[in-house]
Structures are given as C-alpha cells and as structure tokens.
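To keep things clear, I will list the structure first and then write my remarks on it.
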Amino acid sequence: MAGSSVKPTPILKDELDIVIPTIRNLDFLEMWRPFFEQYHLIIVQDGDPSKIIKVPDGFDYELYNRNDINRILGPKASCISFKDSACRCFGYMVSKKKYIYTIDDDCFVAKNPSGELINALEQHIKNLLSPSTPFFFNTLYDPYREGADFVRGYPFSLREGAPTAVSHGLWLNIPDYDAPTQLVKPRERNTRYVDAVLTVPKGTLFPMCGMNLGFNRELIGPAMYFGLMGDGQPIGRYDDMWAGWCMKVICDHMGWGVKTGLPYIWNSKASNPFVNLKKEYKGIYWQEDLIPFFQSAVLPKECVTVQQCYIELAKQVKEKLGKVDPYFIKLADAMVTWIEAWDELNSSGEKSSKSTSK
C-alpha cells in the first residue's frame, strides 16, 4: 500500500501457509492481522458452498469450498469430510509450502502473564525450526530454548536431537474437553499459563488438538489426514485425534519429534456439550480399542517414506479395527484414497523419507 511504513518480513513468510476451516465470515482475522497479514492463507469453506464467506481486506488468501474440492479431486473427494472441521486437511494437500499452521476461527490472540499479546505463529515456527528430544527426556524441558540446556546425565550422543515434525499448541479460557467432562464441569476455564515446551517421548501417544497446530508439511504432511468425520459418518470430533495417533506412530518409526506446550491461543467459544456427546459417543467407546491398537502398531523397516508408512497403517486399521466396527474398513480405504490424492497433487515433490540418523 502506498505511503504505509515498510513492515519487517516475518520468519518463513514464503515457506508457510495458514490453513483455516470455516463456515462463517472471518472477522476474527482482524485481531490476528499483526501476526498473519504477511502470510498466505488457505481457507477451506465447509457447509453450503453457495454461501459467501467474507475475509477482511489486506489478506493474501485462496478459498476452497466443497465444489472446488469435488472439482480438484474428482471421485477421490470422498476422502475429505463434509460438515466437520476435518475438511481442513484439504488445505494441507493443496498447499505448496514447507510448513503449515492451522487455527480455528473461534481462536483469539491470548496474552501471557505479563499482559503481552502472544504471537502464536512465531512460537510454532521456533518449535519447528529447533530439534526435538524424543529418545531421552530432558527435565528442563526444551533444552534448545534460551536459558535452558541439557541437564547432567543427558547422553551427549543424543544432544543433537531429532527433526521436529509437529508443534502442538495449547489454549487458555475454554479447555479442549470431551462432552462428559464438559457436562460435569460446565464453568471450568483454563487460566494456567505454563511457560514450557516438551517433546512427547517416543512410544507415547497424546490427544492432538487441531485448533492451534503447526507442522512440517514436507516431513509429515501425508500423515496429517483428519479422517472421515461429520456428514454421513458415525463419529465426529475425533479428526485431529486420529491424525495425531497416526502421525505419532509414523514419527516414532521415522525418528522425528513432536513438541507440545507453548504457544497458547485464547479459545473463545464453548461448543454445545449435548451436540458434542452425539458426535463423540462412539469414539469414547471405540477409543478403548483404538489406543491399544496404536500403542502396539509396528511399521516394517521397509517403510521408508511417510506414504509407505501410512498405507501400511491403513492395512493394519482394516485388518484389526475392521473387527471393531465396519466404519474402520471405510476409513482405511479413505486413508489409501487420501495418499493417492496427495501424490497426484504433489507429484513433482519428493516423498517424505526416513532420516538417516537416529
């Protein structure tokens, strides 16, 4: 814009896309303007494609609705969920950038205990650009942060760390609870700001929340499929969980790390616990089988790309979880379709392959 002062170029400006799933006007971007304005946005419009979504002026974005998804993917569009925020993973697929940050449209800028606005994106980038420590836990948490280091007794051979694939951020105000917990604690709010970033240890699963999440698309992108949720499916609100469990098994196999902790965003809106219970109840029941499945999943050493790992995982899902419910047979097929669609849209790029050092 003529006459405006030149803004400093933010880190990874041309290497990162911000992916936002939405069904409404994106007024929330106004408060994120100082942090997001110079980045490219990919907006995935869910629901009625004829509805016009308004985006504030000054943002560089592309917007995809269901008609666009059907046009671009053809029959393979069946793997992208409808009427569920799981549709966001289409944005991961069409991005051409090395990194992705995804955020929900009811997430606002949080403040740290000193009252300063938190640049969540900047912290995610710091997390992703520094190594992880999945093979040995450091009691001072992230040793690569300023003012921290490896403690006495930490093996020197492991101090180089591992590439970081995922940065999982947290939320102040409305906690990310399941419906039963929401129902018994309707007024609970998260006010605890913990100034820490941890690497999730190898062999440990965690519940991944997709509302404030960064990842290295070049490394782990093909594994970040948010499953079949929402319209026509027996389950919802497990899209990010499913992606997180698949991703973690693959990161453990590939020798990559996953961080959780900072940055915080302000989760502004509590969703309806009764609606949530309807979406979640099968998942709450099924997860007692899902977690042991992922805890015991082993990928053969022949799997050296993320795509190969994911196809192998889909095979195991079909064989073992197909007995839990026929839904998992359909989901396993969709996992394969997702990889086929990913490879078609990203055919010129290198496949994410295993790092040589552990």
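Any Cβ shown, glycine's included, is placed from N, Cα and C.
For reference, TrEMBL has these:
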- R152: N-linked glycosylation site (CARBOHYD)
- R152: site 'Required for activity' (SITE)
- R159: site 'Required for activity' (SITE)
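R152 (N-linked glycosylation site) and R159 (site 'Required for activity') have their C-alpha atoms 12 Å apart, to the nearest angstrom. Cβ crowding, taken as the number of other Cβ atoms within 10 Å, peaks at R159 among the recorded positions R152, R159.
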